[in-house]
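Trainee: Okay, so Swiss-Prot annotates it like this:
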- 1-22: signal peptide (SIGNAL)
- 49-274: domain 'Peptidase S1' (DOMAIN)
- C74-C90: disulfide bond (DISULFID)
- H89: active site, charge relay system (ACT_SITE)
- D134: active site, charge relay system (ACT_SITE)
- C199-C215: disulfide bond (DISULFID)
- D224: site 'Required for specificity' (SITE)
- C226-C250: disulfide bond (DISULFID)
- S230: active site, charge relay system (ACT_SITE)
Amino acid sequence: MISNKIAILLAVLVVAVACAQARVALKHRSVQALPRFLPRPKYDVGHRIVGGFEIDVSETPYQVSLQYFNSHRCGGSVLNSKWILTAAHCTVNLQPSSLAVRLGSSRHASGGTVVRVARVLEHPNYDDSTIDYDFSLMELESELTFSDVVQPVSLPDQDEAVEDGTMTIVSGWGNTQSAAESNAILRAANVPTVNQKECTIAYSSSGGITDRMLCAGYKRGGKDACQGDSGGPLVVDGKLVGVVSWGFGCAMPGYPGVYARVAVVRDWVRENSGA
């Protein structure tokens, strides 16, 4: 009798564990369609831009590497001497003490200056399931000294529009999807902005995009941000218009990159960082 009860309890336990594992697997599959923003430490973050070219950090002196326990995790942009803007999915659920930024270097793993993060402010409306309001402000422990390779980026006005087809530059250390291209040096790609309705249609199967997002890329694909570029800058004429956020694959035909639209949170950025 006792042995039968034990057998039944073991069977129930096995079923419960199997169900829990299935739920975890389903959750992981549900985000694999958007691999650019898969968070660490559960998933690896890559190191290169797709279809781009090497640049010196002096060409994008606002670019930073967000480091998680001394390893490159995401990109970011200098707002002023104390604040950095990145993507909320890069910092959510992480302690500020685990984060630092490397500035003034074309290499994410060496050179320049490393400054620790003192405080993180994700946008209060950030939605981890839809990646809406994908913005995070990071306050640094010490003030930056500006130079030819460390400079704040200009910001748009609140709700300032970006015309369709505007050529942008996106930079970072994300995945190039090419074994022939080194992951050590900062890279960039020029991509045009995409009509909002066209981008919504492209991503209709995953719920489309919101007004807090903008898209950039070529219909034929070939150039895009990728894993490891998340949080980095999308810039037009020296002005930060987007933050690398998500997308279906990287540089895939018909699927432009999706960026968090900076102009919609301009007032929030100013109120919290003074930038």
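A Cβ is built for glycine as well, from the same backbone N, Cα and C atoms used for every other residue.
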Trainee: For a quick check of understanding: among the recorded positions H89, C90, C199, C215, which residue's Cβ has the most other Cβ atoms within 10 Å?
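Mentor: That would be C90, with the highest Cβ count within 10 Å.
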Trainee: Hey, of C74, H89, C199, C215, which of those recorded positions are within 10 Å of S230 (active site, charge relay system), Cα to Cα?
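Mentor: Matched recorded positions: C74, H89, sequence order.
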Trainee: Could you find out if DSSP has C250 (disulfide bond) as helix, strand or coil?
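Mentor: Note: C250 (disulfide bond) is coil by DSSP, not helix or strand.
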Trainee: Where does H89 (active site, charge relay system) sit in DSSP terms: helix, strand, or coil?
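Mentor: DSSP assigns H89 (active site, charge relay system) to helix.
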Trainee: Determine the Cβ neighbour count for C74 (disulfide bond): the number of other Cβ atoms within 10 Å of its Cβ.
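Mentor: The answer is 32 other Cβ atoms.
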Trainee: Helix, strand or coil: which one is C199 (disulfide bond) in, per DSSP?
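Mentor: SS state of C199 (disulfide bond) = helix.
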Trainee: What subset of the recorded positions D134, C199, C215, C250 lies within 10 angstroms of H89 (active site, charge relay system), using C-alpha positions?
Mentor: D134
